[in-house]
Every structure is written in C-alpha cells, then in structure tokens.
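The DNA-binding region annotation in Swiss-Prot covers 17-56 and is backed by sequence analysis. The NAD(+) binding site feature in Swiss-Prot is assigned to 91, 92, 93, 94, 95, 96; the stated evidence is sequence analysis.
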C-alpha cells in the first residue's frame, strides 16, 4: 500500500488513537465499521477521519466501510507495533519515577528497559519493582549501545536538557520524547516530540472557558 510520507502533524498525532479504536473494535468482534463510528469513538467529525485516511490510499471501500481486522494490522505496521521497541528513560525525578511505574508493555509493544540519573543519585545501582535498572549518567553510552536502544524519554531539568540530549544522540539515540520545557538543538536526523504539561493544561482551561461561554449563550 502506498501513501504520502509527509502527512500533517495533526493527522500523525491521531494515528495511535485510530489504532486503539480498531483494536477495541476487534476485541468486540466488530467486522466492519464506518467513518461515523470511528469519529464518534474518538470524538472528532467523520470528515476528519476520511481526510486522515486519504493520506494512506484506499483504506476502505465505498458501500462497505472499513475492514476492522485489516485496518488494525495496517496501523500496527505503521506504528511499528509488531516488534518490541526498547526505550531508555533519563531523569528519575517526579515525572521520571511515575513513568518508571507505567506499564508500557501492557498497552503496546514498547518496553522501558533502563533508566539514568546523575551518578550521585541514591537510586543509581538499584532496580524498580519491574526490574528496570537505574544507572549513572556516565554509563549512558555503553548501556544504550549494549541494548541497541534508539528511543529515549527525557525528563531532566531544563538547564540540563540540551547537554543530556547530546549525550543521548552520541550514544545512538534517534528519537527523543522530551518533557523538559525547552527547544533542543540536535542533528536533523533525530526525531523530537515534546510534552509540555503546562501548555496542555492551559489548552484544557481555554476549551473549558469556551464551553462555559457556549453554555451561557445557549441559556
């Protein structure tokens, strides 16, 4: 199946939602579905579903809809969920510790296999309840190379984010999910995604305010 490589960011961010919905439909023994049903399950409009899917060629057939099993397999391959992806975590502060206890593998094929923090951190040398080892930052290059890890989660203070990100790239990391509220300057081949909790909360509050305005206008 051929499809456009440069899909919009908004569409890319919905891919995991589509995959989750098709897995749910499959568990519920639903054989085929429609853009309307998909849209209702996600909370968007059917036109958005059809537009998103159009970037990937003919995913459905007019008059039939979408084959659930076929689309579940398609999105699994698209999101590389047919093979286990090893992930390293750098920074075991509040966010990092929470992520260490998040059971990634129960929901998909991602596996958090190791964590790092400053060499003098009291947690260095220990393991989590799930047997995830915590190493000192000085071991980052050797340990990541041993496990051939290409993906990392970065949850360090902003002032250290650039320095640590460069260490990760030198160690062979090709994709970073960054929780630090700072723009990283890294080689073009490194894929970056940012999670800004403050920004997300502000966006939530904005939509709550707009919803309140709409209710008042309808009263």
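Placed from the backbone N, Cα and C atoms, the Cβ positions cover glycine too.
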Around the NAD(+) site formed by 91, 92, 93, 94, 95, 96, which additional residues qualify by having Cβ within 8 Å of the site's Cβ center?
97, 98, 99, 117, 155, 156
What count of other C-beta atoms do you get within 10 angstroms of the C-beta of residue 95 (NAD(+) binding site), across all chains shown?
17
Any residues 6+ beyond the ends of the DNA-binding region (17-56) with a Cβ under 8 Å from its own?
1, 3-4, 7-8, 11, 64-69, 71-72, 74-76, 78-79, 81
Within a 10 Å radius around the Cβ, which one of these binding-site residues has the most neighbouring Cβ atoms: 91, 93, 96?
91
Let's check the environment of residue 94 (NAD(+) binding site): how many other CB atoms sit within 10 Å of its CB?
9
By DSSP, what is the split of the DNA-binding region (17-56) into helix, strand and coil residues?
28 helix, 2 strand, 10 coil
Other CB atoms within 10 A, centred on residue 92 (NAD(+) binding site):
24
